[in-house]
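Data first, discussion second: the structure below is written as structure tokens.
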Amino acid sequence: MMVKVTYVDSANVSRTIEVAPGVSVMAAARSNDIPEIESDCGGVCTCAACHVYVDPDWVDKTGTASKVENGLLSLQETRRPNSRLSCQITLSEALDGLVIHTLEPEE
């Protein structure tokens, strides 16, 4: 089964992709040319460049941020209660239909 993920960019333009379970939200975005998700550290949770907002309907389903992830997010001026690092959310069948809001890249 493929998992559908919808990415909504900072201009409110949405794009839905289908990917195999087991990849991160960040890796799925990067391999499908989704703009506004950077990957400075390659997805190892050391940079916060892949900061996204999880749609409120999906926050409980995506789990909670680890201590390391929370530490990186605490340095972000744009942090919200639904902020996550997209490299730390692994897609599964339970997340089929997930909606992610991306941030405009910093200059």
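Here the Cβ of each residue, glycine as well, is placed from N, Cα and C on the backbone.
In three-state terms derived from DSSP, Cys87 ([2Fe-2S] cluster binding site) belongs to a helical segment. Look at Swiss-Prot and you will find Cys41, Cys47, Cys50, Cys87 tagged as [2Fe-2S] cluster binding site.
Residue counts for the domain '2Fe-2S ferredoxin-type' (3-106) under DSSP (helix as H, G, I; strand as E, B; rest coil) come to 26 helix, 26 strand, 52 coil. Look at Swiss-Prot and you will find 3-106 tagged as domain '2Fe-2S ferredoxin-type', backed by sequence analysis.
Cys50 ([2Fe-2S] cluster binding site) has a Cβ environment of 28 other Cβ atoms inside 10 Å. Sequence-distant neighbours of Cys41 ([2Fe-2S] cluster binding site) (same chain, 6+ residues apart, CB-CB distance under 8 A): Cys47, Ala49, Cys87.
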